[in-house]
């Protein structure tokens, strides 16, 4: 049974429209998942999802598996979902709390976008940061002034926090290195999300 969430600003028709769209997108994701990205509801709450994004090859994030939390608003797809990393990541466009600075999730949101396309956009942002619109000023300055140091720091964080479970099979071409540690930003350890 699907849990219906109560939103003060929503009407039953908003909730119903959103659930219908979310079900459709879940079916599409299961049938044809985007390369390097997964997402699914937390139990029976279809408005709260967890997902993962593989670090793109040839970036400091390669070999990393980054978990995300996805919250759908009651009027989805008219409003964008909220997506945040729960795995610590050193990136100009990701805050210390995992918030993502991406036009697709803000002013360039379109109801024609799906969660699969959004996850691919986030993955693309890992490969091509925008240091001129940062959430993490330290990472942005380092990216612009000392790319080698930035890459080394981002790689260290990837190995420290984003290492996949031993049985994980990447869908994109990846290399791996033994991690020193694997904790999400809440410090709970492991690369799987609980919910």
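Backbone N, Cα and C atoms are what each Cβ position is placed from, and that goes for glycine too.
Pulled from TrEMBL:
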- 17-163: domain 'UBC core' (DOMAIN)
- 101: active site, glycyl thioester intermediate (ACT_SITE)
- 173-195: region 'Disordered' (REGION)
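Note: the domain 'UBC core' (17-163) comprises 55 helix, 31 strand, 61 coil (DSSP; helix = H, G, I, strand = E, B). Remark: the residue listed as 'active site, glycyl thioester intermediate' has 93, 94, 95, 130, 133, 134, 135 as non-local neighbours, by Cβ distance under 8 Å and separation of at least 6 in sequence.
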